[in-house]
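What follows is a single structure, written as structure tokens, with notes after it.
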């Protein structure tokens, strides 16, 4: 039986609304309760971290995963949709790197140790796996941004070359695409689940750290706690619906009818 008896486009509108709510909620939380945003290493610098991570690793990443479920992608060449999928994934990765830069900048400015909590371990594993998907690895000698000069920008890696060769080059052999695609799909879903776990654990950790010392304790459920808990539920709902859409067979592009050999537009082939 089908998981959902709902056409894809209305479902896509619903999912887009949920994604917008996730970004709006995390932005409002950081602006209203956490003091807004800055680039000076203060607590307001940290506030970029949840906003960029939720926007990149959850919303944009989920959108990238669903590109091939769009009915318009079911016919004609695949190459434009592959380019859109890759662009969204790279945008998500760029936001994730900036989000990491923000939290490291904040920790280093305050003398706070890095990478000691379960949330930070989950987040690091998620971003490292994601870097293998989009094929970016840290370069040793260049500054990333004003947020954190100690981090480095992403450069192409072997994984990027593998993905580029398997999915974007029109002359890539079918056996290479068939071999790499299940791995790409499996880790794509795994990364989304890890992103959800990282975001929810991060929200919980931030509330425990912030709601004390003169503020209403977390266990008393002040307004900020209720709002942030709702953000966590929205993130989980968005991610679960994306995973559900990916698992529904009737929403998958019928690849047997449109082989990868047709990925280059006829105009580009001289027809």
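Heads up, the Cβ atoms here are built off N, Cα and C, so glycines get one too.
According to TrEMBL, the feature transmembrane segment maps to 6-30 (among others). Counting only same-chain residues 6+ beyond the ends of the transmembrane segment (6-30), those with a CB under 8 A from a CB of the stretch are 36-37, 47, 50-51, 54-55, 58-59, 62-63, 66, 69-71, 224, 227-228, 230-231, 234-235, 237-238, 241-242, 245, 251.
Residues or ranges marked as domain 'Cytochrome b561' in TrEMBL: 14-247.
Residues annotated as transmembrane segment in TrEMBL: 51-71 (among others). With a threshold of 8 Å between CB atoms, the same-chain residues lying at least 6 positions outside the transmembrane segment (51-71) that come near it are 8-9, 12, 15, 19, 22-23, 26-27, 30, 37, 81, 84-86, 88-89, 91-96, 98-99, 102, 123, 126-127, 130, 188-189, 191-192, 195-196, 198-199, 202, 231, 235, 238-239, 242, 245-246, 251-253.
Residues or ranges marked as transmembrane segment by TrEMBL: 83-104 (among others).
Annotated transmembrane segment per TrEMBL: 116-137 (among others), in sequence order.
Look at TrEMBL and you will find 157-176 (among others) tagged as transmembrane segment.
Through the fold, the transmembrane segment (183-203) approaches residues 49-50, 53-54, 57-58, 61-62, 65, 118-119, 122-123, 125-126, 129-130, 132-133, 163, 166-167, 228-229, 231-232, 235-236, 239, 242-243, 246 of its own chain, all at least 6 residues removed from its boundaries and within a Cβ separation under 8 Å. For 183-203 (among others), the entry in TrEMBL reads transmembrane segment.
Feature annotation from TrEMBL assigns transmembrane segment to 223-246 (among others).
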